[in-house]
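Quick look at what TrEMBL lists:
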type     : residues : note
DOMAIN   : 115-528  : domain 'Major facilitator superfamily (MFS) profile'
TRANSMEM : 115-138  : transmembrane segment
TRANSMEM : 150-173  : transmembrane segment
TRANSMEM : 180-199  : transmembrane segment
TRANSMEM : 205-229  : transmembrane segment
TRANSMEM : 241-263  : transmembrane segment
TRANSMEM : 269-290  : transmembrane segment
TRANSMEM : 342-362  : transmembrane segment
TRANSMEM : 382-403  : transmembrane segment
TRANSMEM : 415-434  : transmembrane segment
TRANSMEM : 472-496  : transmembrane segment
TRANSMEM : 502-523  : transmembrane segment
Amino acid sequence: MDSAIALRQPSSISSSKLFQTTKFLNSQLLKFQTSPFSFERLKPKPRCLPINVSRRSSLLRIRLRHGSTDEDGRSPLNHSVKASSNDAHFSAFTEKKELQAPSFAEFITSERVKVAAMLALALALCNADRVVMSVAIVPLSLSHGWTKSFAGIVQSSFLWGYLVSPIAGGTLVDYYGGRIVMAWGVALWSLATFLTPWAAETSLWALLAMRAMVGVAEGVALPCMNNMVARWFPPTERARAVGIAMAGFQFGSAIGLTLSPILMSKSGIFGPFVIFGLSGFLWVLVWLSATSSTPDQNNQISKYELDYIMNKRQTSFLVDNKTKATKVIPPFRRLLSKMPTWSLIVANSMHSWGFFVILSWMPVYFNFVFHVDLRHAAWFSAVPWSVMAVMGYLAGLWSDMLIRGGTSITLTRKIMQSIGFFGPGVALVGLTTAKSPVIASAWLTLAVGLKSFSHSGFLVNLQEIAPQYSGVLHGLSNTAGTFAAIVGTVGAGFFVELVGSFQGFLLLTSLMYFVAAIFYNLFSTGERVNFDEPVSLRHGYYDFSKFSMNRA
């Protein structure tokens, strides 16, 4: 008779038989409790995110660096890793244990903000090397007898180089990461800036070639910035990070416009080119020695900050694992088949048109319209860029607050972009009515200050709709933007020669701002877009690639 029957009918068996049966059951229970399949292991565990690691990725390196092992005490070198709340080093990934957001003091002293500060310095050098020609073009035009239209062509030589590199540079950034590509870019454009005085003394073609080389190298700057921000910052901090980096971009304009006339008066026309070029070489040395491509590779980062970044950043957005898996040749047809891509292209084109027209022609504008001397003209042109740097960070802070408060990413980006385009459109209309350089500078300051809200609009949006293609998307939109900037920069010179007035061109630019703002609001999205598989209808936009395939 089996033990189950014995337990139900104890009266029918002897006491010795009952004792033996009880002893047998106790022994089996003891074996089960001490086996790997114990009751303790049958308890339901907290929900966790399984992460299959096919190579020694960033998450695997975190566990090895902090000395963690799996539940059986084995090293996780040769099998997949599972992050759960039982692992102290991966507790940040669980849904139950959320790390608190850092205070302002913790945020501003963190390693990720140091990376953003280094990016800001790089972008400051990037823009200073651009605008120095905007100041130098006045004495160069006088000494060589250049007309305003030819001066526009000389200034646009930078943009011809800038037109070539963003797509190729963005692809390299997606594949190799922003740290290495940024170092090469800064080194090359600093060398070209340093050699500009020699080129100018040699021939006009040599000068144009050096400025084009500056443009080629600087084409990777913004894709690299986007890549590093996506790696180092969680989504709720990216607008602020972009605001910090782009603040350097705008301060670079102010520094270049204010220092260049002073340096020219002390050391000749080409003094700023030499000083800015040498500063770039110094930046490269600091960048390579003080930063890393990803947070887990940084030796200075605290465990709290590392856990916070990895907790807030969704595992599907782990850029370091995606980087090597990204195809060397991106799916350009799929990228261009989605209307959100075209909303970014239109926004970047209008942003670049307005940016380069103001950057290249405002010193000439104050000199031509209000007869202000070069040093004061540069000062009037520099003040708005300083305001833009501060406004850009405040816009990023407000954008992050809206998202944390429950506003959708899509609506937040549209709000920021609307302010960034409708605002400058209205301010440029006001600029055409200015009767004094002070009033004109005030309108210009308002225009570029509100323009900085675009950095929390389309510029952050690039990382959100396709993080694995953010570099090449930035390259595509930047190429279109550069073409628009060339047309605007050269066109402004011809327009002023033909019409004899800057005001008409400013009104045209204002109208274009309004049209671009409407287009972006109609077709943009803050949700992730599937560029790897054709989708007929999603998020309110149509996949034109499927239409073309059906027609074929």
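Each residue, glycine too, has its Cβ placed from N, Cα and C.
Annotation: stretch 115-138 has the most Cβ pairs under 8 Å to the transmembrane segment (269-290), among 115-138, 150-173, 342-362, 415-434.
Remote same-chain partners of the transmembrane segment (150-173), defined as residues 6 or more beyond its termini with a Cβ less than 8 Å from a stretch Cβ, comprise 130, 133-134, 137, 140-141, 181, 185, 207-208, 211-220, 222-224, 226-227, 328-330, 356, 360, 364, 470-476, 478-479, 482-483, 485-486, 489-490, 492-494. Stretch with the most C-beta contacts under 8 angstroms to the transmembrane segment (342-362), considering only 115-138, 415-434, 502-523: 502-523. Counting Cβ pairs closer than 8 Å and at least 6 residues apart in sequence, the transmembrane segment (415-434) and the transmembrane segment (241-263) reach fewer than three and form no contact.
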